[in-house]
Amino acid sequence: MILPPAILGMLGGGQLGRFFVSAAHEMGYRVWVLDPDSHSPAGLIADRHLVAAYDDYAALDELAATCAGVTTEFENVPAATLDYLAKFLSVHPSASAVAVCQNRIAEKTFLADNGLPHGPFAVVRHEAEVRNAGAGLFPAVLKVARFGYDGKGQARVANPDEALHAFHQFGGEACVLEKMLDLDCELSVVLARDEAGNVRCFDPCENRHRHGILDVTIAPAGVAAALIARAREVAGQIAGKLGYVGTLGVEFFVCGGALYVNEMAPRPHNSGHHTIDACVTSQYEQQVRALCGLPLGEPRAHSAAVMVNLLGELWYDDAHASSTYREPDWSVLHAVPNLRLHLYAKHHARAGRKMGHFTVIGDDAEKTLAAALHGRAAIGIRDDER
Ligand code: ADP
Ligand code: MG
């Protein structure tokens with residue numbers, strides 16, 4: 001067991017890393033963050049911020065010499081970095097698990113090979129594979145295999161010609177072409193798994209996206225009990241097959257009443273932010289516990305919760321972020337009962353950038369959702385098209 005005052009290493013300095021640092025600090029650990037951005041949200045509150053690239057081996061040697069364990073908040077950390085660090089100290093999740101989740105081709109292949117439910121797709125690495133994609137796949141979404149996030153690196157395409165055009169727009173990079181599904185809703189499961197294989201699952205949530213970016217998370221999801229049970233089961237199977245240790249997020253599509261895995265995140269997940277305010281143990285504390293070999297905490301929710309993301313366009317009067325820059329009036333949110341505001345201290349807001357979120361908790365799911373949507377409108381989030 002890694003115990004305080006040990007130093008933990010975090011690869012990545014975003015908001016997920018920032019919440020990990022907070023959780024680790026509360027538990028008595030110190031944290032070093034590696035992130036090339038000198039103003040990263042996690043780096044700002046870390047005990048030490050190594051401002052260096054993820055493949056800077058001098059910085060990795062410093063981490064290895066000082067930290068008792070290393071984890072990540074960022075799926076695009078090179079697998080070679082995790083493998084290198086694992087020679088010296090415990091690294092969770094493993095390079096092999098991260099490698100599956102950071103490449104859509106590896107991810108889809110993993111799902112297919114393990115008989116896990118997923119939507120129809122084709123791997124496209126060459127023009128010919130785009131042209132030969134079956135007509136039944138269209139309308140479809142073309143997604144770059146690596147480095148896409150928040151709907152970036154994706155194009156909706158109606159037919160093979162449009163797919164070919166988008167494939168060229170993405171520079172001919174390897175992609176997956178997915179059938180566009182008619183979604184009933186989207187769910188996610190966040191879970192933690194320890195080295196002994198124990199799994200603790202948070203209640204599945206419903207996620208509402210806008211322009212390909214998570215907008216609202218409703219916890220717990222108000223869908224049929226059988227779907228909830230199936231989502232937990234599939235997420236647990238994924239964690240087991242990956243030999244996963246740490247906090248894992250699994251995104252699902254619900255389509256025609258059936259469940260399909262969309263993608264996995266080898267880290268805490270945006271749809272698990274509410275666990276800070278609504279659960280006995282947060283997804284970030286679970287990440288600390290799994291990394292350090294402590295028994296996993298109780299994931300039970302003590303309240304219903306609704307989380308709303310605050311994106312960079314809120315700092316502007318128009319949704320295109322082309323008007324005057326000004327701080328939103330946070331007093332409006334603080335006036336909403338049972339609302340907790342979390343801001344990530346990012347230095348500059350731009351459209352689509354995740355700047356913060358708020359969570360409303362309550363006893364009653366419907367009233368909690370109404371209060372959160374009230375706060376969302378009051379702070380100025382509009383539903384018009386960008
Ligand atoms: P990201 O890495 O940006 O989260 P996703 O693959 O999860 O990428 O896509 C973002 C969102 O776009 C999804 O949550 C969903 O709302 C929508 N989307 C993506 N793929 C599909 C699909 N095949 N059918 C329907 N909607 C999709
Ligand atoms: Mg996603």
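These residue numbers are counts, starting from 1, taken along the chain as shown.
Heads up, the Cβ atoms here are built off N, Cα and C, so glycines get one too.
Annotated in TrEMBL:
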BINDING   Arg104, Lys143, 148-154, 178-181, Glu186, His209, 262-263  ATP binding site
DOMAIN    108-292  domain 'ATP-grasp'
On the 0 to 100 pLDDT scale, where does the domain 'ATP-grasp' (108-292) sit on average?
96
Protein Cβ atoms within 10 Å of Arg104 (ATP binding site), excluding its own:
21
Give me the non-local Cβ neighbours of Leu181 (ATP binding site): same chain, 6+ apart in sequence, Cβ-Cβ under 8 Å, ordered along the sequence.
Gly119, Phe253, Cys255, Tyr260
Which of the three DSSP states, helix, strand or coil, fits Leu181 (ATP binding site)?
coil
Cβ-Cβ neighbours of Tyr149 (ATP binding site) (radius 10 Å):
13
If you count the C-beta atoms lying within 10 Å of each candidate's C-beta, which of the binding-site residues Lys152, Glu178 ends up with the smallest number?
Lys152
Under DSSP, is Arg104 (ATP binding site) part of a helix or a strand, or is it coil?
helix
In sequence order, what residues of the same chain, 6+ apart, have a Cβ less than 8 Å from the Cβ of Asn262 (ATP binding site)?
Gly119, Glu186, Glu251, Phe252, Phe253
